[in-house]
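Read through the structure below, which is laid out as C-alpha cells, and then see the notes.
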Amino acid sequence: MATRFAKGEDPTEILQFNFLDSEGRITKESIKSALKPPYPAKYYINVLLMVIALLVFLLWNYGIIQGTKLGFFCNDPLFSHKYRGDTVMPWMLGVALGIMLPGLYLTVEWIRQSNFEAVFSIEHIFEFYVYFKHYMIGLVIVAGVTELAKTIVGEHRPHFFDTCRPDTNLNCTNGTYIFDYTCTNKNVAMLDWVDASRSFPSGHSSISWFTAIFCAVSTIQH
C-alpha cells in the first residue's frame, strides 16, 4: 500500500524527495535511493529560507533589531510586580507538544486501521513525517509573526520595573510620563531587558492556539 496524500497533493512536492518506487510503493530501497545526493533544488531553497527565518527570529529576540520603545508612567503599578519566573517553562511546552502530536496521530490511525501494528508500518511513518512537517512550517510562521508583533507593539510586562530598573524611574514624580530611559539592572542579562518589553501578543498562547487548530483540522481530515 502506497502512502496516502490529500487530494491534489504531489508527494514529491510535499516530501521534497520522491520516496516512491516505480510501482508507487515506499520501500527501504526507494528510501535509500531518494536520500542520495544531489537533492532537488527546492530542498536547498527551503533550507535557505528556514535559515534566513531563524536568523531574523534570533535578531528580533535578542534585541539586535530594535523594535518600538514605549515609555511609561512613573511608578506605574501595572509594571511594578516582582518577577517570579515563567508560568509555563519552554521545555514544558515542548514536552507537551512532543507527546500530544504523535499521540494524536497514533490514536487517529489506530481507530482508522483497527490494527495497532499497521500504524507503525513504513507508510504511516512517512505519513507522520508529512503531518509533522506541515506542523513545523506552520509553527515557524506563527512564531515569526508573533515575535514581529511583539517587536512592533513593545508592550511592557507586569514585572518591567523589577527586570529593567529604568534609571529615570528612580527620582520622578508619580504619574509623570517618561519617554526616555535606560535599563540599569545588572543582575539579569540584556536579553531579559528586551523580553521585559515583549508582553503582547503572548507566544505561549499563539503556539498553543495554532497547535489546537492544527490538531483539530488534521483529525477532521483523517
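Cβ coordinates come from backbone N, Cα and C, glycine included.
Annotated features, as they stand in TrEMBL:
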- 43-62: transmembrane segment (TRANSMEM)
- 88-108: transmembrane segment (TRANSMEM)
- 128-149: transmembrane segment (TRANSMEM)
- 135-216: domain 'Phosphatidic acid phosphatase type 2/haloperoxidase' (DOMAIN)
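For the domain 'Phosphatidic acid phosphatase type 2/haloperoxidase' (135-216), the number of residues in each DSSP class (helix H, G, I; strand E, B; coil) is 47 helix, 4 strand, 31 coil. Using a Cβ-Cβ cut-off under 8 Å and counting only residues 6 or more beyond its ends in the same chain, the transmembrane segment (43-62) has close neighbours at 16-17, 140, 143-144, 147-148, 150-151, 190-191, 194.
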